[in-house]
Amino acid sequence: MPSDRQKKIRNFSIIAHIDHGKSTLADRLIEYTGLISQREMQSQMLDNMDLERERGITIKLQTIRLVYKAKDGEEYYLNLIDTPGHVDFTYEVSRSLAACEGAVLIVDAAQGIEAQTLANVYLALEQDLEIIPVINKIDLPSARPDEIKTEIEDIIGLDASEAPLISAKEGLNIEDVLESIVKNVPSPKGDINAPLKALIFDSYYDSYKGVIAYMRVMEGQVKKGMKVKMMATNKEFEVVEVGAFSPGAIPLDSLSAGDVGYLAASIKDVRHCRVGDTITDALNPTESPLPGYRKVNPMVYCGIYPAEGEKYEDIRDALEKLQVNDAALVFEPESSAALGFGFRCGFLGLLHMEIIQERLEREFDLDLITTAPSVIYKITKTNGEELMIQNPANMPTPQEIRIMEEPIVKTTIMVPNTYVGAVMELCQDRRGEMKDMQYIDDTRVNLYYEMPLNEVIYDFFDALKSKTKGYGSLDYELLGYRASDLVKLDILINGEQIDALSFIVHESKAYSRGKGMCEKLKDEIPRHQFPIPLQAAVGNKVISRETIKALRKDVLAKCYGGDISRKKKLLEKQKEGKKRMRQVGNVEVPQKAFMSVLKLDN
């Protein structure tokens, strides 16, 4: 039987497409319940990384406890768990949804439902959550709330007749949302007297208290001084502090079934506190862990190397600290002839990669070089051995390879029908294979494509946005591997192969990518005293070449008029010298050249 206290708890999260006003609504809810005075209020209250505020996106999960006095005169505890909306962070969304009983679905009154909205709704439905649709941005002149209501009913199948119409920016009708949460979200179930069972849905590292786990207590209760055990790693810890966020950390005596809060237990290593793990009482453990958590596998890899004057150890320390907060980041040491010692890092997607790079540069003040992102390829050698390759440098020679397969993703692209042609062209250009096309309503279309992940991770998202004036949206999931004509493209500078610039590319694109890289390098590498050939090669065959001309002294300056043979002699002598120089000279490739080539779009 749920206790009286449990009846007053509502755990919910907010799901929305990027930019539909999720963090703004969270700010308004905080303001409305009087948790923070107007003076202390800042926008995107829950996005506490500078980077999140700057890009206006939510990366890490946040949680906050609101106290709301409802119209029925009762006080309710509303635990808001904020979720990221970007496609790279789908796993984080699924974790926060598992900690809730309900979800507020925000739909933009002008733009309507987008691909990411749908993807998150399906995640919420899988967890059996009560979904409350809310229509935001009704203050916009282009808002069309009634059409959006029917759209929600037609596409998702939710009853939206009573959906609150709000403007989070203007603070309109915020109370309706709170009332709707109190009324529609079920209160948590769970026996307070059962053995402790709590779900970790996020963690971060505090330099004083060690790893702090954000958790939702499902059954039992957790108190200070209790011994707890992590079920995935079987490690035991003594609880030093438990509490809730409101918005800063507020220590409490205990958290019981239904509560959302945090736990500190002097955990030194984040790997002992896996997101999605179950915490239980070490002396009286629960029988089975909570279902549904998997280890996240990186989809995109790239090399991170120290730039001039940076130390390898500093990067390792920084990566370890980031890994504390980011269970999805993996890294291992590697070395490259061109760049020295560095790390091979795995990420969930390109946005995740950019964010980690920016955090390394900002929070740890490091200067980095990153190599071109690549995915994991599956290679079957002629002797039957199977390899998984994510670094082009480890690729066997073409003679040894029997089949080479690349990861394929199933993409769902939602676009206004005026842009269908442009998007289909883009997908074909990226080697996409059309599987299906569905009209959602008279204005929008869902396109289903199977595409190589390699083509999606570069800049597909940006290209899609520019082709659709920002209205296209994308969601993708991994399907599996498929054989493909892939080749390894090497870049040779002055006849020497530069391993950091090698990458794996589809045969049809090898020439254009190789030519593009050579041209870019030609602009970036300073001229030397001898001519430098830049070549792009596949195997032993050079497919493109540029030459950086030599700097030369004007050896004829001292000859006035005079005999041609004298001039010839001087020019020949200079030519000989340059030739000798070219054999012994080595080319300095500035780091700027690496950076600009690796940022090479399309």
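Note that Cβ sites are derived from N, Cα and C of the backbone, with glycine treated the same way.
Per Swiss-Prot, GTP binding site is recorded for D19, H20, G21, K22, S23, T24, N136, K137, I138, D139. Residues annotated as domain 'tr-type G' in Swiss-Prot: 7-189.
Positions of the features from Swiss-Prot, shown on the structure.
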residue: S23; record: GTP binding site; CB count, 10 Å: 24
residue: N136; record: GTP binding site; CB count, 10 Å: 29
residue: I138; record: GTP binding site; CB count, 10 Å: 20
